Amino acid sequence: MSSRALDAPDRQDDTASPPVRPPRRNRLRRKENRDGLLMVGPTVVIVVAVVVIPVLWNIVLAFQHLSFLEIRDASPFRPFTLDNFREVLGARGFWASLRTTVVYSIGATLGSIALGLVAALALRDSFRGRGLVRAAMLLPYVAPVVAVTFVWQVLLNPQFGIVNAWGQRYLGWDHPQDFLGTEPNALLTVIAFEIWRYFPFAFMFLIARLQAVPGDVIEAAVVDGATPWQRFRYIILPELASVIALLTVLRLIMTFNKFDDVYLLTGGTAGTEVVAVRVFNYLTGRFDAGSAAAQAVVLSLVMAVFLLIYLKWLARTESEES
Amino acid sequence: MSRHALQERVFGIGRWVVIALLLVVTLFPFLYMVLLSFVPIERLLEDPARLWYPLKDFTTDTYRTVLKPEDEGGQGFTAFIRNSLIVAGLATIITLVVSILGAYAVARLSFFGRRTISALFLSVYLFPVIVLAIPLVILFSKVGLAGSLVGLMLVYVVQTIPISIHMLRNYFRTIPQSVEESAAIDGAGRFQVLTRITLPLAMPSIMSTALFVFMIAWNEFLFALLFLAAKREDWTVSLGLSQLANGVEVPKTVLMAGSVVLTLPIIVLYLAAERWLTEGLTSGADKG
C-alpha cells in the first residue's frame with residue numbers, strides 16, 4: 001500500500017501516451033483534464049480549507065503571543081516572537097512528555113503487532129465458527145473509544161473494579177492496585193489498552209496477507225519435515241515482512257499523534273502526559289494558545305524526522321533488493 | 001516423542017489456548033458492560049467481584065434514566081443520540097458524494113496534478129490532529145461555526161475524505177474499463193457513465209466506505225469536546241458519556257447503560273457489514 005506502489009500505474013499511463021497527438025485526441029485530453037479537475041475540486045477545496053490552512057496557521061501561531069481567551073482577535077499579522085519555543089523547549093515537562101510519547105508509541109506499536117500476529121497465526125487455518133471469532137476479534141477496534149475507556153476505568157477502579165476485587169480474592173493482593181493513578185502503573189496500563197484496542201488492526205492486515213501465501217509452499221515444507229517453528233520462521237515470516245514494516249510505520253505515526261485514548265483514561269496524569277495531551281492541557285488549562293501551537297509544531301517535526309528516516313531506510317533496502 | 005512431533009503437539013494445542021484467551025480478552029469488557037448496565041449501582045458496590053447477579057436484581061431503570069430528558073431527572077441521551085445521528089449521517093453523505101467524484105477522477109482520468117493530489121490526501125493523516133485543533137477552533141469561532149454541529153460535521157468530512165477516496169479508488173480500479181468504454185461508445189456522457197454504470201457496480205465498496213465514515217464520525221471525541229463542551233443540548237453521545245463519566249453524580253451503572261447505547265449501533269452496523277469492511281480496508285495488503 002506504499003504510495004509508490006499506488007502511483008505505479010499512473011507512470012505507465014504517462015509514458016504510454018505518444019508525444020504528438022492528433023487534434024481530436026488533444027481536445028479529448030483537454031476535456032478529460034477539465035473533468036478530472038472539476039471532480040476532484042471539491043475534495044481539494046475542503047482539504048485545503050480545513051487542513052492545509054489550519055496547519056500553516058498553527059505554524060504562525062507558534063510564533064505569536066496568544067491566549068485562549070483572545071482567540072477571536074487572533075490574526076496572522078500579530079507581531080512575531082520566539083518566546084513560545086523558548087518556553088516550551090525550556091520546560092522540563094516537555095522533554096519528559098516527549099519521552100513518554102516515544103515509550104508509549106513504541107510499546108503500543110510493537111505490542112499490538114505482536115499480538116495481531118499471534119492472533120492471525122492462530123486463525124489462519126479454517127475451523128467451524130472462525131468467521132465469528134474473527135468478527136469478535138475486531139470489536140475493540142470498531143467500538144467507540146469513549147465507551148471502551150469508560151469500561152476499562154470501571155474494570156480497573158480501586159474501589160469497585162472487578163480486577164482489583166479478583167486480585168485481592170484470588171491472587172492474594174494485600175491492597176487494591178491503582179492502575180490508572182500511579183507511576184509507572186498508569187503508563188503500562190495505557191500501553192496495554194492501546195495494544196488491546198489496536199491489535200485487531202494489525203490482525204486484519206496480517207491475516208489478509210497470510211491467506212494469500214500459497215498453500216503448496218507450506219505443504220512442501222511439511223513434506224520436507226519442517227517443524228512448525230521452522231515453517232513460521234523461514235516461510236511465513238518472510239512473506240509477512242513487508243506488511244509488518246508497513247504496519248509498524250502506520251501504527252507508529254498514529255500512536256504518536258494519539259490524543260483521546262490517553263486523555264480519556266488518565267487525563268495525562270501519573271506520568272502519562274503524551275505531547276498531544278500536553279498541547280490540549282496548555283490550550284484549555286493554561287489558556288496559552290501560542291505555546292500549545294509551538295508544542296504541536298515540535299511534535300510534527302519529531303514525527304517528520306522519524307518518517308524521513310523510515311523513507312531513507314525503505315529506499316536503501318529496496319535498492320539492495322533490486 | 002521426537003522434537004518434531006512434540007512441536008506439532010504444542011502448536012496444535014497452543015493454537016486453541018490462544019484463540020480462547022483472545023476471545024476472553026476481547027469480549028469480556030463488552031459483556032461486562034452489558035451486565036453492569038442492567039444492575040443497580042448498590043448491587044455493584046456491595047460486591048464488586050460478582051460476575052452474575054440474581055435475576056430479581058436486574059433492572060431497566062438504568063436505561064430509562066440515561067435516556068430521559070434532563071428536566072425529567074434523566075441524562076438526556078435521547079437528544080445526544082439525535083445530535084450524533086445528524087452529525088454522523090450528514091458527514092457520511094457529504095463525504096461520500098465528494099469522495100466518489102474524487103476517487104473516480106483519480107482512478108480513471110488523467111489530469112494536471114493527479115499525483116500531487118494523492119500526496120496531499122495522505123498528508124492529512126501525517127499531521128497530529130491536535131495541530132489542526134487550535135487553528136480550527138479559532139477559525140470557526142471567527143466565522144461563528146464554533147459550538148455548532150455544522151462545524152463539527154465539516155471536520156468529520158475532512159478527516160474521513162482521504163480514507164474513503166483511498167477505499168473507493170481501489171475498488172473503481174477493479175472495475176474493467178471496457179465496461180465504461182462501451183457505454184461511452186453508446187453515447188453516454190462522463191456523468192452518465194459514472195451514475196449508471198460505475199456506481200451500481202461499486203455498491204459494495206460504497207456501502208463499506210459509508211459504514212466506515214459513519215463509525216469514525218459517531219465515535220469521534222476530541223473535536224466534539226473542543227467545539228461543543230459548553231453547550232449540553234448539542235452534545236454527541238460520545239461527548240455526553242465522557243463528560244458525565246468525569247463527575248461523581250451519575251451512578252456508574254447508569255453510565256454503563258449509556259455506553260451500551262453508544263456502542264450498540266456501531267456493533268450492529270459492523271456485524272452487518274464486517275466482510276465488506278475488512279476487505280475494503282485491507283485491499284492491496286495481500287499483494288505484498
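Along the chain as shown, the residues are counted starting at 1.
Cβ atoms here come from the backbone N, Cα and C positions, even for glycine.
TrEMBL labels come from automatic prediction, so no person has curated them.
The annotation domain 'ABC transmembrane type-1' is assigned in TrEMBL to A:98-310. The region 'Disordered' annotation in TrEMBL covers A:1-28. For A:37-60, A:102-123, A:135-155, A:186-208, A:234-254, A:292-311, the entry in TrEMBL reads transmembrane segment.
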Criterion met for the transmembrane segment (A:234-254) and the transmembrane segment (A:102-123) (at least three Cβ pairs under 8 Å): yes
Surrounding residues of the transmembrane segment (A:292-311) on its own chain - C-beta under 8 Å, 6+ positions past either end: 58-59, 61-63, 66, 84-85, 87-89, 94, 98, 101, 249, 252-253, 256-257, 275-276, 278-280, 282-283
Cβ contacts under 8 Å made by the transmembrane segment (A:186-208) with residues that lie 6+ beyond its boundaries: 100, 103-104, 107-108, 111-113, 115-117, 119-120, 123-124, 134, 137-141, 145, 148-149, 152, 156, 179-180, 240, 243-244, 246-247, 251, 255, 258, 261-262, 265-266, 269-272
